[in-house]
Amino acid sequence: MKQRWLLVLILCFFTTSLVMGIHGKHLINDDFNETALLLAFKQNSVKSDPNNVLGNWKYESGRGSCSWRGVSCSDDGRIVGLDLRNSGLTGTLNLVNLTALPNLQNLYLQGNYFSSGGDSSGSDCYLQVLDLSSNSISDYSMVDYVFSKCSNLVSVNISNNKLVGKLGFAPSSLQSLTTVDLSYNILSDKIPESFISDFPASLKYLDLTHNNLSGDFSDLSFGICGNLTFFSLSQNNLSGDKFPITLPNCKFLETLNISRNNLAGKIPNGEYWGSFQNLKQLSLAHNRLSGEIPPELSLLCKTLVILDLSGNTFSGELPSQFTACVWLQNLNLGNNYLSGDFLNTVVSKITGITYLYVAYNNISGSVPISLTNCSNLRVLDLSSNGFTGNVPSGFCSLQSSPVLEKILIANNYLSGTVPMELGKCKSLKTIDLSFNELTGPIPKEIWMLPNLSDLVMWANNLTGTIPEGVCVKGGNLETLILNNNLLTGSIPESISRCTNMIWISLSSNRLTGKIPSGIGNLSKLAILQLGNNSLSGNVPRQLGNCKSLIWLDLNSNNLTGDLPGELASQAGLVMPGSVSGKQFAFVRNEGGTDCRGAGGLVEFEGIRAERLERLPMVHSCPATRIYSGMTMYTFSANGSMIYFDISYNAVSGFIPPGYGNMGYLQVLNLGHNRITGTIPDSFGGLKAIGVLDLSHNNLQGYLPGSLGSLSFLSDLDVSNNNLTGPIPFGGQLTTFPVSRYANNSGLCGVPLRPCGSAPRRPITSRIHAKKQTVATAVIAGIAFSFMCFVMLVMALYRVRKVQKKEQKREKYIESLPTSGSCSWKLSSVPEPLSINVATFEKPLRKLTFAHLLEATNGFSAETMVGSGGFGEVYKAQLRDGSVVAIKKLIRITGQGDREFMAEMETIGKIKHRNLVPLLGYCKVGEERLLVYEYMKWGSLETVLHEKSSKKGGIYLNWAARKKIAIGAARGLAFLHHSCIPHIIHRDMKSSNVLLDEDFEARVSDFGMARLVSALDTHLSVSTLAGTPGYVPPEYYQSFRCTAKGDVYSYGVILLELLSGKKPIDPGEFGEDNNLVGWAKQLYREKRGAEILDPELVTDKSGDVELFHYLKIASQCLDDRPFKRPTMIQLMAMFKEMKADTEEDESLDEFSLKETPLVEESRDKEP
């Protein structure tokens, strides 16, 4: 018996050993396979690892991959998680290498630089959580792969990428899926009607924010929608005037955000909102909703916490039923047309409200004292209404809100004094009472508020002084904006304790005394405005210690002493973005000496643009221009000030040569002082300078030739000095009017008298000289007569040998003010190019003006092929047989010259197949000529709109029109995104799209173009650009040209191609309408087919494609600039439709590597 048991034990031992050996071998193999897959991911997907995150990802015998950085394993050694968040990895993501891991459940790769690529058709995966957010993934097939293969998926986040294309199918089979986030991508086209309803019932979170998705909102089906708690379609292109009938099925929704779309019509009434049991946040902001706010919306009051209806066209009042919103904390009704007494009768009874925004409405009467009942109120914004009476004094009493942080009542009609009771609001951080009619002093209690960061009360009639002791109890004050008041006294020394100060504006008051040197201790100070006061003493050298200073305005004071060279040594070196988040307006003085200073920067938060007309600097000056919506910034390295105005003082001494090192300086005004010495040659380093005023000083010496290289210079004034010598030829110096050089007795050259000709002396001096030199004059006269006789004989001999045509040409040339030559460019230049230089990089050969004159038959009408706002275009055949187009700029003082220089500095150095090449230039006296490559078919305007005329218009089928649309878009995209700095065209129109012999579109006429970069965004606009019918609506408000303005103009061109109609045609659209208005109305009414040219509909081109292009045109023509696509996104849309089938590396670059331009101002959100 014992032997049997022993045998059994031995068999069990061997069996167990065999099983364990086999199992161990499998474990080893599985571990090896998982390690190999991770190494394959590192090898195939990671091209750059700057932080050496994967440094320990190396195969070592005996050691598994569980110890590798970012890898997590189960207890039995299987890889279940990979976390490489924010590691800085770059490469092309091959997701299959990771999803092949059989036990991988959690994959976190967000915050890297992965692009899409590799195989997206792998086998099944077992991921539960996938986070690829904040990368550069563009291929939507990766989303389809994840939805189709990862059957256990619970959460997927691919937000903040560059996904393009249409939304695919919804993963109805993923029964565990709860979260899908595809926000902040470039997804486009119509949302499939069943896309939302096809998701499994488990879905709780769906975010499609900030794409280009379109379609009628009412067509969407939400199905049963049982568990959905978060749904956002904000910042898309949804339209329609009704809400989906199945949306109330989502009974458990907590957040519904469909803001920033194109929704029209009225908010649903009736019981539509009664089904929502848990809705806490509803945002319908920034659409086109109209009518009155329905009382039935208050059915949400039992749970509603946040309600945002701002940026629509609602009228009337907030219904009384909203008093039941006991949980409501955030109410935003701004930017509508609301009126009435609802603040008193309704809002004041919602005692739990914390944030109240009703700015930009039509509410009048007194500010209701009953608002003090809202004891939890933190932010009160009543800006830009019609409030009258006094500022309420009841806030922060024992019974009212002790937590009030912001009170904003700017741009109203309040009167009386600033209540001292506001000093009881110990939590107050921001007070903005600007643009009212307040009087009296600012109470001392307000100055002592411990948490006050923003004190803004400009444009009132405030009196009194700024008390000593500011910031003694703490340096929290960041912005002190009290300009345009009646303040007296001196600037207190204690202001130097405001160590967080960013912006000080005390200009246009009655301040006296000296500028405190302690201001130099404010290392965060970015803007200092003390102009138009009676300040005296020296400019403190300590201001050079303000390392963030970018804006210094000291004009119109009584300052003396030398200009401190320290201002150029350290300014603008740190604190990038130190004043971001502020809204500004710059009022530029263009009226010469009638108004002092270069202009003024004003805080623009909560101010309607039309109210700026009240400012003395606007209505008192003969010519001013207002730039609004600006965002100021500083530079992280090698920066400088961008604005320095110390004009109308009594400063003396020399100009420090270091001022020429301020490479970001855009405005330098030293005029009307007592400055001596010479203009530093280092001023050639002011590469961003736009306005340079050195007038009315005692400067001597020559104008430095280096000034001729300042490409951005649009206004120069050196008049009333003692300058001598010639005005440097070249650049823009010869294009400024005579008045800019006047009263410098020794200056000569264009536009003044020619150098070498003596200035005319007084009559008495000439008579005296004549009496002394009679004999000499007689002898000189005889000699001169003999010489003239000899020259006449020689001239007659030469004339007999010259043809009549040559005679006429020579006489014409001799009649010109000065002689000149043409420069002809032989070879191309690589693209893209930096265009900050004033000369071409390739050799030039000479052509005489006579050659161009001969080629155009004296610029006769027979050779003229077109004309525009800035000149005429002639066809010219040169002696070598080549045909060119010559643009002769009109001779308008200043404008033609500025046009000429702008052309030379931009298009002359740019080569692209969809741009008209500038071949050469010519400048002869007052003549300004540009020589272009000749385009056989002329302009799109002529070809498209003159089919039936005798001017050679021809029929364009859809294939030709599509080719033209894509070519023009490609050229404009090149200007916006590949030129460094970027270029805004400013005058895109069909007459500026030329067609070569192959009907390839070429964008032409950059006469209105200005370089756009971080240096030139806000101060460089000198004329309102554009042609009627093509000008975007925002240009009439801010006068600021933007890339999105070009996109709008391109949308008009695309609409022309689709409709065959002109942008403005009173016979077609009436006197009060145009093509855009007509098309938008039809599009809203779902009559888009009526927009299309009948010739295209019968052209077998495919209605679907036509409507795709019509939808793109509609997006380009959105009234809101931020809703328009960029040209990169447009090219991506064309590529998605496979419209651009050519191999185009630059297009691929646009599609996959989009970089933001200078950010355009969006509608301000609280």
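The backbone N, Cα and C atoms fix where each Cβ goes, and this holds for glycine too.
Since we're looking at a predicted model, the values are computed, not measured.
The signal peptide feature in Swiss-Prot is assigned to 1-21; the stated evidence is sequence analysis.
Below 8 angstroms of C-beta separation, residues 38, 53-57, 79-84, 87, 106 of the same chain, each at least six residues beyond the ends of the motif 'Cys pair 1' (66-73), sit close to that stretch. The annotation motif 'Cys pair 1' is assigned in Swiss-Prot to 66-73.
In the three-state DSSP assignment, the secondary structure recorded for N97 (N-linked glycosylation site) is helix. Here Swiss-Prot flags N97 (among others) as N-linked glycosylation site, drawing on sequence analysis.
The feature repeat 'LRR 2' is assigned by Swiss-Prot to 103-124.
Residues of the same chain lying 6 or more positions beyond the ends of the repeat 'LRR 3' (126-147) and with a Cβ under 8 Å from any Cβ of it are 85, 93, 95, 99, 102-117, 120, 153-166, 168-171, 174, 176, 181-182, 186-187, 1151-1153. If you look up Swiss-Prot, you'll see 126-147 marked as repeat 'LRR 3'.
Summarising the annotation, Swiss-Prot assigns repeat 'LRR 4' to 152-173. In the predicted model, residues of the repeat 'LRR 4' (152-173) average a pLDDT of 88.
Swiss-Prot lists N157 (among others) with the feature N-linked glycosylation site. A strand conformation is recorded for N157 (N-linked glycosylation site) in the three-state DSSP classification. Other Cβ atoms within 10 Å of the Cβ of N157 (N-linked glycosylation site) number 21 in total over all chains.
Annotated repeat 'LRR 5' per Swiss-Prot: 176-197, in sequence order. Through the fold, the repeat 'LRR 5' (176-197) approaches residues 128, 133, 138, 140, 143, 152-167, 169-170, 203-215, 219-225, 227, 231-232, 238, 246, 1108, 1111, 1129, 1132-1133, 1136 of its own chain, all at least 6 residues removed from its boundaries and within a Cβ separation under 8 Å.
In the three-state DSSP reading, N212 (N-linked glycosylation site) counts as strand. Within the same chain, the residues at least 6 positions away from N212 (N-linked glycosylation site) whose Cβ sits under 8 Å from its Cβ are I186, L187, S188, N236, N237, Q1115, P1125, Q1129, M1133, listed in sequence order. Annotation comment: Swiss-Prot describes N212 (among others) as N-linked glycosylation site, evidence class sequence analysis.
Annotation source Swiss-Prot lists N-linked glycosylation site at N227 (among others), citing sequence analysis. In sequence order, T178, A201, S202, L203, K204, F252 constitute the residues six or more apart from N227 (N-linked glycosylation site) in its chain with CB-CB distances below 8 Å.
Per Swiss-Prot, repeat 'LRR 10' is recorded for 303-325.
Feature annotation from Swiss-Prot assigns repeat 'LRR 12' to 352-375. Tertiary proximity for the repeat 'LRR 12' (352-375) is limited to same-chain residues at least six positions away from its ends with a CB under 8 Å from its CB atoms, namely 310, 326-341, 343-344, 381-392, 394-395, 397, 399-402, 408-409, 414, 606, 608, 1166.
As annotated by Swiss-Prot, N-linked glycosylation site applies to N362 (among others), with the evidence given as sequence analysis. Shown in sequence order, Y337, L338, S339, N385, G386 are the residues of the chain, 6+ apart in sequence, with a C-beta less than 8 angstroms from the C-beta of N362 (N-linked glycosylation site).
Residues or ranges marked as N-linked glycosylation site by Swiss-Prot on the basis of sequence analysis: N373 (among others). In this structure, N373 (N-linked glycosylation site) is part of a helix by DSSP.
The annotation repeat 'LRR 13' is assigned in Swiss-Prot to 376-397.
With a cut-off of 8 Å between Cβ atoms, the residues of this chain six or more beyond the repeat 'LRR 14' (403-424) that come close are 359, 367, 376-397, 430-446, 448-449, 451, 456-457, 462, 605-608, 611. What Swiss-Prot records for 403-424 is repeat 'LRR 14'.
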Among N373, N451, N558, Y932, which are recorded as recorded positions, the nearest neighbour of N157 (N-linked glycosylation site) by Cα: N451
Between the recorded positions N97, N373, N451, N521, Y1030, which lies closest to N461 (N-linked glycosylation site), Cα to Cα? N451
If you rank the modified residues Y932, Y1030 by how many other Cβ atoms lie within 10 Å of their Cβ, the lowest count goes to Y932
Around N558 (N-linked glycosylation site), how many other C-beta atoms are within 10 angstroms of its C-beta? 13
Looking only at C-alpha atoms, tell me how far N521 (N-linked glycosylation site) is from N722 (N-linked glycosylation site), rounded to the nearest Å. 38
Helix, strand or coil at N521 (N-linked glycosylation site), per DSSP? helix
List, in sequence order, those recorded positions among N97, N373, Y932, D987 whose Cα sits within 10 Å of the Cα of Y1030 (phosphotyrosine). D987
Helix, strand, coil residue numbers for the repeat 'LRR 14' (403-424) per DSSP? 5 helix, 4 strand, 13 coil
DSSP output for N722 (N-linked glycosylation site) maps to strand
